[in-house]
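What TrEMBL says about this protein:
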BINDING   HIS15, ASP18, HIS150  Zn(2+) binding site
COMPBIAS  306-322  compositional bias 'Gly residues'
REGION    299-322  region 'Disordered'
Amino acid sequence: MTDLPGRRLLLVHAHPDDESINNGATMAKYAAEGALVTLVTCTLGEEGEVIPPGLAHLAADRDDALGGHRVGELAAAMKELGVTDHRFLGGAGRYRDSGMMGAPQNERPHCFWRADVDEAAAYLVEVIREVRPQVLVTYDPHGGYGHPDHVQAHRVAMRAVELAAEKAFRRDLGEPHEIAKVYWNCVPRSVAEEGFARLREAAAAGAAVPFPGVAALDDVPGVVPDEEVTAAPRTAPYVAAKAAAMRAHATQVVVDGHFFALSNELSQPLFADEFYRLVRGRAGGPGREDDLFAGLGLPGPDFTGPDGGAGGAGAGAGEGAC
Ligand SMILES: CC(=O)N[C@H]1[C@@H](O[C@@H]2[C@H](O)[C@H](O)[C@@H](O)[C@H](O)[C@H]2O)O[C@H](CO)[C@@H](O)[C@@H]1O
Ligand SMILES: [Zn+2]
């Protein structure tokens, strides 16, 4: 890639939908500010459940056409976020969705869970050396909630960060590149607790509870003690874009105001603020960073919105912000 934008963010995710659920507002914010936002998704989500009854035929145990359908859902979600650079690791279909931990699909030869980490990381090194991001975001070692593809996405991403910088590694994949800052997705426990408190208050007030059940707080991926959170970029103005992107993943997610549910029909808070833990590189100052690019001496946003913060296509008071 030539003439790269000044600020470049790379996100590594397991399935189509994870990017919107975990980082949708962050992606919309930085895309609106003129940064290059690149998403690499490791599988097509072929083994997912299907929420809309009319699409049930897509499921792996019927037409096995869900992967192709979710490619389209991801493209629609990226349009909502203003993200134009999204790729599949090794090309669409190179690695198949492994199913939930312990499922028989974990044993399939070309599922992502059984991938050789170095081989998969080499595909990501090629992207890193092309895009040359200053910041990378992925899951913690538990993959947020223990899904095998999430755990493997973490392993492949962290291995690729190392290999991309190695001068002796595969120069055919491009010039070495050191990513300055690596973050893992997380949610401060106090924010998760407040989100579920809102849900209980709504139910107690007789509001129609959006979904039949309520998830457990620890079902929220990546909940950590507040003090472990090191960055909270100002993403709340982009919650509407996040909600729209999540809705685009219609086989996997249903959004209702402040809340959403996956195919398990358990309500979870839809967070407007998104949080991160810096695990590699230097923080941009004391306390929580309010910008993932802080401390890198890069030009700021290409423009600022009327609120003096970052404005842009995705900005606007979200219909529901937790
Ligand atoms: C958010 C996420 O990672 N979704 C994955 C997950 O989907 C869950 C799975 O089907 C589970 O059985 C359901 O109870 C839950 O509601 C789903 O979110 O695992 C799928 C299979 O690997 C994957 O396709 C989906 O993207
Ligand atoms: Zn996932």
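Backbone N, Cα and C define each Cβ position, glycine as well.
Please treat TrEMBL annotations as automatic predictions, because they have not gone through curation.
The model shown is predicted, which means the values in this text are computed figures rather than measured ones.
Within 8 Å of the centroid of the Cβ atoms of HIS15, ASP18, HIS150, where the record puts Zn(2+), the same chain has further Cβ atoms from HIS13, ALA14, ASP17, CYS42, GLY45, TYR139, GLY143, GLY144, HIS147, ASP149, ALA153. HIS15 (Zn(2+) binding site): 27 other CB atoms within 10 A of its CB, across all protein chains. On its own chain, HIS150 (Zn(2+) binding site) has ALA14, ASP18, TYR139, HIS142, GLY143, GLY144, PRO221 as residues at least 6 apart in sequence with a Cβ closer than 8 Å to its own Cβ. Using a 10 Å Cβ-Cβ cutoff, ASP18 (Zn(2+) binding site) registers 28 neighbours.
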